[in-house]
Ligand SMILES: [Cu+2]
């Protein structure tokens, strides 16, 4: 009887689709390559159901979405300064993430969910300032190049 229960439990476990993951992204003053004011990683691949956790490894950073720069139906988010914040992925598509005080220095990240680039133009049109704008464009190109 015990063996039968174990077998049943294993069958149920294997029927569950890929388990949701927690993906950690650090907010840093400097990364290993010497780049200043950066998310690590900057390009984040995720699937619906995953949780992306932005970690305040260094202080004086935040992570937040940008208006019109996330998939339709995906809830916007705005982390507080020097605080961790979680982004629960509910939709496929692209999301631009910025650190409010350092986006002009290029402190931005791109979330790619389900290899869905259908809202890429929205991201390119969104209001992201300074070097952050160029970085987002480069990250979209990098993600698309990796896919094809
Ligand atoms: Cu920052």
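Yeah, the Cβs are placed from backbone N, Cα and C, and that goes for glycine too.
The model shown is predicted, which means the values in this text are computed figures rather than measured ones.
Under the heading Cu cation binding site, TrEMBL lists 61, 99, 102, 107. Residue 102 (Cu cation binding site) falls within a helical segment according to DSSP.
Residues belonging to the domain 'Blue (type 1) copper' (26-113) score a mean pLDDT of 97 in the model. Residues annotated as domain 'Blue (type 1) copper' in TrEMBL: 26-113.
Summarising the annotation, TrEMBL assigns signal peptide to 1-20.
Cβ proximity to the Cu cation site centre (mean Cβ of 61, 99, 102, 107, cutoff 8 Å) flags the following additional same-chain residues: 27, 37, 38, 39, 62, 63, 98, 100, 101, 103, 105.
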